[in-house]
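Worksheet: the structure to be examined is printed underneath.
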Amino acid sequence: VRFPEDLEDDNTTFNPEYSHQVFGDDEVAFGYKGLKILLYYIAGNLSTFFRIEYTSKVNEKFDCVEADDVESKIREIIPPGFCTNTDDFVSLLEKEVNFKPFGMLLHTYSVHNEEAGEDITYQIYKADMTCPGFREYHERLQTFLMWFIETASFIDVDDERWNYFLVFEKYNKDGATLFATVGYMTVYNYYVYPDKTRPRVSQMLILPPFQGEGHGAQLLETVHRYYMSSPTVLDITAEDPSENYVKLRDFVLVKLCQDLLCFSPVKLMQGFSQEMVTEAQQKLKINKQHTRRVYEILRLRATNMGDAEQSRSYRLDVKRRLIGPYKKKQRELAKMRRCLRPEEMTNQLNQIDLNMQREQLEESFQQLVSDYRRVLERLAQA
């Protein structure tokens with residue numbers, strides 16, 4: 001909500017992707033007709049207005065069943081101090097002009113908005129719990145996780161090893177410049193013996209109204225650049241990354257790596273090398289596993305897949321990496337079958353498994369190439 005009229009504007013509304021963490025695996029609130037759970041947030045400081053509407057509700061006295069206590073379930077997520085009536089919320093909205101982003105400004109960028117017909121400015125800040133008011137703001141901000149991250153949990157904000165990176169949009173209201181929350185990322189700094197740290201991305205969320213505009217890539221690249229400048233950082237990882245995050249990371253890391261000398265077309269065609277691992281780790285804080293994916297994507301760009309020899313060389317190179325887990329599984333199965341079955345049966349079953357594994361390997365390769373092509377297409381448009 002930026003303006004009072006936004007309260008009645010369906011265009012500013014977005015719905016949860018998940019609700020199982022609040023309402024159970026069935027995602028059902030029992031005992032209501034026409035139930036609406038309404039959560040409004042002021043765009044910048046995220047002050048909250050919560051109310052429930054319904055046309056009817058079961059009555060324990062007459063229906064012999066009790067409706068779910070929806071209000072209590074929501075109260076467990078949102079911090080105390082929220083508004084319960086429109087007038088209080090609108091009066092808070094009038095004070096929004098005083099809200100300013102927390103922490104240190106790291107990056108400013110703009111995105112062209114077709115609907116508005118102008119460039120909109122965004123800023124990325126790094127904050128921590130020492131920033132006045134940030135603890136309370138973060139309590140409100142993290143409530144979005146429960147609706148948009150499938151396995152979300154709230155973090156221990158008293159642990160000083162957390163870093164917080166925030167994206168804000170700058171907008172004008174009655175001649176004043178205001179800020180709207182776009183998204184954020186939390187990063188935990190793990191200790192690595194003897195004198196290094198390994199930042200691990202824990203949570204990352206761009207709010208639905210801003211998704212698909214490139215803010216995730218801007219945020220991740222900014223965070224990488226922030227840690228790249230630190231001599232004590234070994235490399236940057238992510239905790240249980242989603243499929244979408246992996247695709248985003250591929251794009252950002254390839255963008256960062258493509259100008260390194262070790263990834264020149266000539267060197268790419270010579271194969272994956274220790275030089276790539278060392279340079280990516282030292283200059284960009286990228287670990288060996290991620291560097292390998294960057295190499296495969298950039299080598300695909302440098303390969304003429306219409307040339308039979310180049311195409312075959314690329315396919316074999318990638319499949320040699322992909323086949324590792326299959327070979328291990330094959331060795332384990334062979335050991336088991338020697339103990340359980342006659343020798344002639346073993347050979348037959350091994351052959352069946354090999355055929356199946358070849359199919360799975362080819363399928364994995366084709367899927368990977370398809371993902372890599374999308375990264376390269378996005379890179380060409382960037």
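Cβ atoms are placed via backbone N, Cα and C, with glycine included.
Heads up, TrEMBL stuff is auto-annotated, nobody curated it.
Small disclaimer: the values here were computed from a predicted structure and weren't measured.
Positions annotated as active site, proton donor/acceptor by TrEMBL: GLU239. Within 10 Å of the C-beta atom of GLU239 (active site, proton donor/acceptor) sit 12 other C-beta atoms, taking all shown protein chains into account.
According to DSSP, the secondary structure content of the domain 'Histone acetyl transferase HAT1 N-terminal' (3-150) in residues is 48 helix, 37 strand, 63 coil. Annotation source TrEMBL lists domain 'Histone acetyl transferase HAT1 N-terminal' at 3-150.
Over the domain 'Histone acetyltransferase type B catalytic subunit C-terminal' (249-300) the predicted model carries a mean pLDDT of 97. Feature annotation from TrEMBL assigns domain 'Histone acetyltransferase type B catalytic subunit C-terminal' to 249-300.
In the structure as shown, the Cβ atom of TRP162 (site 'Interaction with histone H4 N-terminus') sits within 10 Å of 17 other Cβ atoms. As annotated by TrEMBL, site 'Interaction with histone H4 N-terminus' applies to TRP162.
A gap of 14 Å separates the Cα atoms of GLU239 (active site, proton donor/acceptor) and TRP162 (site 'Interaction with histone H4 N-terminus').
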